[in-house]
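One structure is given here, and the rest of the page talks about it.
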């Protein structure tokens with residue numbers, strides 16, 4: 001199994017090194033990661049700038065290719081020819097923070113895995129909930145990733161499917177397992193913060209409190225709150241099928 005690994009937190013993120021380490025136990029791994037943090041960049045692609053890539057090392061000293069593009073650029077560049085062959089799976093993460101529910105619309109982590117689908121390669125996005133004490137421990141995430149990717153290797157995934165995996169901030173001993181769940185809803189409480197530079201010109205920050213989570217049964221948010229890792233199948237088709245027939249009944253003539 002040949003696995004392409006990337007992230008959106010940048011090549012020096014400890015989550016990326018932890019992901020590469022566990023996947024190296026399962027298959028052959030190639031890392032192509034961005035040279036900086038692209039959190040919340042979504043599926044941004046650099047269409048009007050050249051891309052550059054060079055050899056480097058991750059935070060644990062393991063080898064990687066570093067790219068000055070976005071997470072999606074890293075995947076496209078790798079599949080289009082930076083690697084010597086097409087990967088069997090694209091895995092993005094381990095993101096330093098949740099990608100639950102509505103977060104997927106913003107997530108560079110998820111977008112990188114989705115870029116694999118554009119090229120016919122199934123994807124896995126991996127994120128870990130931010131620990132309250134700020135001390136990152138990826139062992140539980142590695143347990144969940146190992147179990148899931150071994151099942152993927154055994155059973156396979158269709159090329160149009162992305163799996164979104166979130167892991168709570170727990171130890172391997174207290175992780176209750178993996179629960180398959182649908183996307184939940186997070187309500188963002190953003191605020192516009194206005195400040196002024198020394199010349200009196202305004203500049204802006206978009207800030208705010210933590211999102212309000214709707215912890216409905218069967219959602220990824222509920223699974224995390226119960227101590228499970230959440231696993232959600234995601235597809236590229238964003239069509240609202242419920243509204244297709246309704247819109248067709250509108251008066252178009």
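Glycine residues also receive a Cβ, built from the backbone N, Cα and C atoms like all the rest.
Taken from Swiss-Prot, the feature divalent metal cation binding site applies to 8, 9, 39, 95. Taken residue by residue with DSSP, residue 39 (divalent metal cation binding site) is part of neither helix nor strand, so it is coil.
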*Note down the number of other Cβ atoms within 10 Å of the Cβ of residue 39 (divalent metal cation binding site), including every protein chain shown.*
16
*Using all protein chains shown, find which of the binding-site residues 8, 9 scores highest when you count other CB atoms within 10 A of its CB.*
8
_Using a 10 Å radius around its CB, how many other CB atoms surround residue 95 (divalent metal cation binding site)?_
30
